[in-house]
Amino acid sequence: MADLIPVVVPPQFTREGNTNHLHEHKPILVGRPYSYGTAGFREHADQLPFILYRIGYLASLRARTTGKAIGVMITASHNPEQDNGVKIIDPDGEMLAEEWETYATELVNASDEEFPTAVRALETQLNDPPLGSTGSIVVCGRDTRASGQLLTQAARAGATLFRTQFEDRGLVTTPQLHYIVYVLNHASFGPAGEEGYYRHHALTFKELFDKLSKSLTNYTPKLHLDCANGIGAQKMRKLERKLPNGALNIHFRNETGVLNHECGADIVKISHKAPAGFEDVPVNERCAVFDGDADRLVYFYKKEDGQIELLDGDKIALLIAKFYKEHLSSLGLEDECTFACVQTAYANGNSTRYLEEELGITPICVPTGVKHLHHEAAKYDCAIYFEANGHGTVTYSDRFYELLERSDSEAAFRLRVMSRLINKIVGDAMADLLAVELILRHYDWSVQEWAAMYEDAPNKQIKITVFDRAAFITTKDEQKLIQPGSLQVLIDEAVKRRGEKARAFVRPSGTENIVRVYAEAASQADADLLAAEIARATDDYKDCDSDS
Ligand code: 16G
Ligand code: MG
């Protein structure tokens, strides 16, 4: 039997209460067990030091097991400034493998007394991966939240418990850390580190930009960018400086105020309103919006009537899908190359219809959360995946790239460069923005022409706090409830009453103890009424318990 490794757990990191790095004792306020959800662990920052310590350790174990670089990203994305969170990035730049999510949940929920035993059990189960194996390293990054520094120290303490190398990369966007980890493990992909990220994206952008026509009638390089007062502001400025002169004229907004406060992709998508700080932006001008860690992108423009026209993740997906589909057709690669567009239940019904009817692409619907979309997309030679909320990218196989390399046509060149530009590792607001801008330039389209691809079906979302979200179980595509079955009957009846164009579903959130209601209908008034009716019905089930 493998030797047991002695574990010394610093007393400051406990389940019942912990002392932070300032030696203040903090009781753990969360009554429920912690769980590694779709976005890792997310809590009020005060709750997180002991979690970071344990996750730092788990990341080092993952690094030792794989002999590779593993990422630890400290962010709570679009949540308020006082929250924070952590997720682990696997060697291919992907989200943590599912069985390791279970280990993470177990380790974090172990009491102080149980923790050393849990660690030993895990080490034994994994055949005691060697200490300090070549290549194994934990690379940590954080967004601009004030708590990030303290939490990095906690991650370092956990990661170095068994002498694993730990590197603090400081302030980075979430996709930048994914890129850094990927390149550390795949040196041939591109230039390393944060500087390498800028070089790779700026050079690739220039390659395509140089080939596109400069005599444009409808596209203009002027763009207003809402940075959500987050990390995207400083990083996009760095990238912009490296772009060819005149390629983009970005007016940066919301760079240094309170993170995500009345701005950012989440608020614009959900409220359908322009972010704060955009009062003086003229109507019809193109505006783009990042979220707090710059892995989500949506666009909008202000209309004469004071409303905004939102171009969300679905519109971005369809713009990119159109570009890819047309290029693949012109190269005669439609049969040879498997191609798909992956969406979730939140994709607007009219985007799905446009994909099928206008572009001839059968959409694939998977559960919410980037990892589900990414895993599905990876099954194809080339796939575009986007959530309506703005997370998404294009993935492609080595074979796809080889097929393109066989041709020296302009179309093959454009697809090759576009594929390298978009961050195939993970959805990336900065890379997606560059891709969208080049595609608009290619078509010489104004933002209005892009918006006119299809009109969004009116829709409404409502959230309902429940006792136990695990009591709500859906089918795989999340469009129907399996449990409570009687609630699904009510939903079906309500949808039927609102006519042919109506659609609605209820699903438990993967990030909060709530369920979400989504409704679409022929008019906004109908969508609002349908959502309200289903919300009322759902409310009657809010005390359901998954055990009963
Ligand atoms: C997380 C997911 C996002 C998903 C959202 C859904 C990642 C990186 N993020 O933010 O993809 O749309 O959760 O939240 O996977 P919900 O389950 O609360 O609706
Ligand atoms: Mg985010």
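Placement of Cβ uses the backbone N, Cα and C atoms for every residue, glycine included.
Keep in mind that TrEMBL annotations are predicted by a computer and have not been checked by a curator.
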**Request:** Please pick, from Ser77, Ser111, Ser486, Ser509, the residue that TrEMBL records in the Mg(2+) site together with Asp291, Asp293, Asp295.
**Result:** Ser77
**Message:** Any of the binding-site residues Asp291, Asp293, Glu387, Pro508 with a C-beta atom under 6 A from ligand 1? Give them in order, or none.
**Reply:** Glu387
**Asked** How many other Cβ atoms sit within 10 Å of the Cβ of Ser77 (Mg(2+) binding site)?
**Response** 28
**Fill in**
Within 8 Å of the Cβ centroid of Ser77, Asp291, Asp293, Asp295, the other same-chain residues by Cβ around the recorded Mg(2+) site are Thr75, His78, Asp143, Thr173, Thr174, Gly230, Ala265, Phe290, Gly292, Ala294, Arg296, Ala429
**binding-site residues: Asp295, Glu387 - member with fewest neighbouring CB atoms within 10 Å** = Glu387
**Fill in**
If you tally other C-beta atoms within 10 angstroms for each of the binding-site residues Pro508, Gly510, the top scorer is Pro508
**Fill in**
Arg516 (substrate binding site) and Asp291 (Mg(2+) binding site), compared by Cα position, are separated in whole Å by 20
**Prompt:** What binding-site residues in Asp291, Asp293, Glu387, Pro508, Gly510, Arg516 place CB under 6 Å from ligand 2?
**Reply:** Asp291, Asp293
**Asked** What is the number of other Cβ atoms found within 10 Å of the Cβ of Asp293 (Mg(2+) binding site)?
**Response** 34
